[in-house]
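So that you can see what the record holds, here are the features copied from TrEMBL:
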{"type": "COMPBIAS", "residues": "224-243", "note": "compositional bias 'Basic and acidic residues'"}
{"type": "REGION", "residues": "224-276", "note": "region 'Disordered'"}
{"type": "COMPBIAS", "residues": "255-265", "note": "compositional bias 'Low complexity'"}
{"type": "DOMAIN", "residues": "372-712", "note": "domain 'PDEase'"}
{"type": "BINDING", "residues": "HIS448, ASN449, SER450, THR451, HIS452, ASP489, ASP618, GLN670", "note": "AMP binding site"}
{"type": "ACT_SITE", "residues": "HIS448", "note": "active site, proton donor"}
{"type": "BINDING", "residues": "HIS452, HIS488, ASP489, ASP618", "note": "Zn(2+) 1 binding site"}
{"type": "BINDING", "residues": "ASP489", "note": "Zn(2+) 2 binding site"}
Amino acid sequence: VAIADVQFGPMRFHPDQLQVLLVFTKEDNQCNGFCRACEKAGFKCTVTKEAQAVLACFLDKHHDIIIIDHRNPRQLDAEALCRSIRSSKLSENTIIIGVVRRPDREESSVMPLIAAGFTRRYVENPSLMACYNELLQLEFGEVRSQLKLRACNSIFTALEKSQEAVEITSEDRVIQEWQGIYHTRKKNGDSIQQNVKIIPVVGQGGKIRHYVSIIRVCSGNNKAEKRSESVQSDPHTDNQSGRHKDRRKSSLDVRAVASRASEASSQRRHSSMARIHSMTIEAPITKVINIINAAQESSPVPVTEALDRVLEILRTTELYSPQFGAKDDDPHASDLVGGLMSDGLRRLSGNEYVLATKSLQQMPSGIGTPLSLHDVPPRIARAMENEEYWDFDIFELEAATQRRPLIYLGLKMFARFGICEFLNCSEATLRSWLQIIEANYHSCNPYHNSTHAADVLHATAYFLCKERIKQTLDPVDEVAALIAAAVHDVDHPGRTNSFLCNAGSELAILYNDTAVLESHHAALAFQLTAREGKCNIFQNMERNEYRTLRQGIIDMVLATEMTKHFEHVNKFVNSINKPLAALEENGEMNKDEEAINTMLRTPENRTLIKRMLIKCADVSNPCRPREQCIEWAARISEEYFAQTDEEKRQELPVVMPVFDRSTCSVPKSQISFIDYFITDMFDAWDAFVDLPELMQHLDNNFKYWKGLDDRKLRSLRPPPE
């Protein structure tokens, strides 16, 4: 019978076959019922009729369950026999059951049985299923609990007796692991965490329950020396059989672990855990921490203190988010970080903000039949003439299309990249898709509208045409990037994630306050696409290709969420920029171009590149020509002003107080945004893609905002109504 592993917290061990001892003066129906039940359950069963033979049999086999017939006191003194068994320390983890007669009248007390040492009673019932069910309840109840207690005892014994790292294995040296966090102190007195692994294994049925392998580090040659000691469940071995005497000499007193807690033994345990770093640990960050812990052991105090600081940093959850201390004196930067990068956990009870209850937009009737790319009106065609260049004016296209730039720019750019051919869809289907996507952008939003989507689409296409990107990404990556850019803010309500979370909006509840808007944009894009066949651009794709494309689109849309901004940027720098820079310094760029392309084209690095691409496209406003940069700044400021106004009306937390329309300095807010979010990211992106024109615009715009005083703020024209 296969025996399943037993899980005890993070520990796992494999129990042996259970052994049952039946004590009946005669083999009646009840005795036979338990015998057949043991056979059915796969337990080893021993039957004894002589009371004087019971103790010897138990001491030899160490049964897990003993069932004693308590129905005939004249023939068998069950309570005396139970007390005799309990007098042996080997019975500490044994389950003893008393079989009693079915009461004729009044129920009798179980206290005499408990006082004698019985675990529980069994009212006589010779039925096979009744006996079988009783055994199963014992196996998964009391027996399993005792099994776990023995496993704990082995750990206590090992920690008490060992001065070094400890392995506890089965007889055949099967190693299983327990991992956890252990708190200890360094020799300089500082408290540290140790990631440790202890390995308990229980083998039932024999006298030796565990084997403890103690690893000692010799002072002379620093080599690890192992020796094995047996750990028995019974600290008293007077009744052990002769063939175990050699092992009995090294048996350990398990009970003493709980009672002896001297300072010396505590120090030994600390020392043992400090050397656990030599064991194999799976998590990479755990390996790093263990290497640092090992280095501290032989380091001078200044190095030890520095490494302690390193460990503190590594154990934080926000490894990629810079500490904000240097920006504390900049309220604009503080508010931008709080408003764009927080998850909005601040809440006011009783206040709820519900998104507009308008239904999702259907195909707009005012537009009429989707136009072919060849039938674009002359004014719109002229506005799109230089769409391949960075200085392309999206606001001119916005005016020419009556605030519907996404469909026209999308048709032209998707045709240039051969999207219809890749998706195996018609131009009419693509036109219908672009229309339904654009219809679900809110034209009333000053900033997050289809013009912003078209602007991000343009920047994305521009980046995809750069030589480094073309060498790195596959066609499916390009298609994913263009679609993600088009849909990345669809149905944006003109409010930040923090606002929605604080207000308890339906979207925040749906997405558990995590990447609320980004999750909604991605999900809605696919819902709209699949709603009707005439706009389903994915319907002719092969399933696996579609899944790959879908995952790429979702990942890029989610990458626009600002709470992980620094994580994405720092991963890009460490995985892309720095390896390339090292090759350049070694003069190997021309020699090993193939190796460089192989490194860049791994799935992990391509994902990092795509995330960085759409992030830079999404916030590229400060890198646009000055007139466009100013217009975008006015629009985003107006949207933040409107949010602050509504927060005050709804009595919600104001997440960005500096964006008060009566006091806000737009130049200062732009300076903070560029300084804190934009400069480092575009430096990294420029180092990879080579974007001198963008970096020149960024530098000029930053100088412009720095030189602009608050009086000139009033000259910023408001966004068009």
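Placement of Cβ uses the backbone N, Cα and C atoms for every residue, glycine included.
In TrEMBL, annotation is done automatically, which means it is predicted and not curated.
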Averaged pLDDT, computed only over the residues in the domain 'PDEase' (372-712)
93
Same-chain neighbours of the Zn(2+) 1 site, Cβ within 8 Å of the mean position of the Cβ atoms of HIS452, HIS488, ASP489, ASP618 and not counting those residues, run in sequence order as HIS448, ALA453, VAL456, ALA485, HIS492, THR560
C-beta crowding around ASP489 (AMP binding site), within 10 angstroms:
24
Which of HIS448, HIS452, HIS488 has the fewest nearby Cβ atoms, counting only those within 10 Å, among these binding-site residues?
HIS448
Return the residues near GLN670 (AMP binding site) by Cβ distance under 8 Å, restricted to its own chain and a separation of at least 6 in sequence.
PRO622, ALA633, ASN701, TRP705
To see if you understand the setup: which same-chain residues, six or more apart in sequence, place their Cβ under 8 Å from that of SER450 (AMP binding site)?
ARG403, ARG404, PRO405, LEU406, GLU438, TYR441, SER443
Need this for a regression test: binding-site residues ASN449, THR451, ASP618, filtered to those with Cα within 10 Å of HIS488 (Zn(2+) 1 binding site). What's left?
ASP618
Can you give the largest Cα to Cα distance in Å, as a whole number, for the residues HIS448, ASN449, SER450, THR451, HIS452, ASP489, ASP618, GLN670 that bind AMP in the record?
22
Site of maximum Cβ density within 10 Å, from binding-site residues ASN449, THR451:
THR451
Same-chain residues six or more away whose CB lies under 8 A from the CB of ASP618 (AMP binding site)?
VAL456, HIS488, THR560
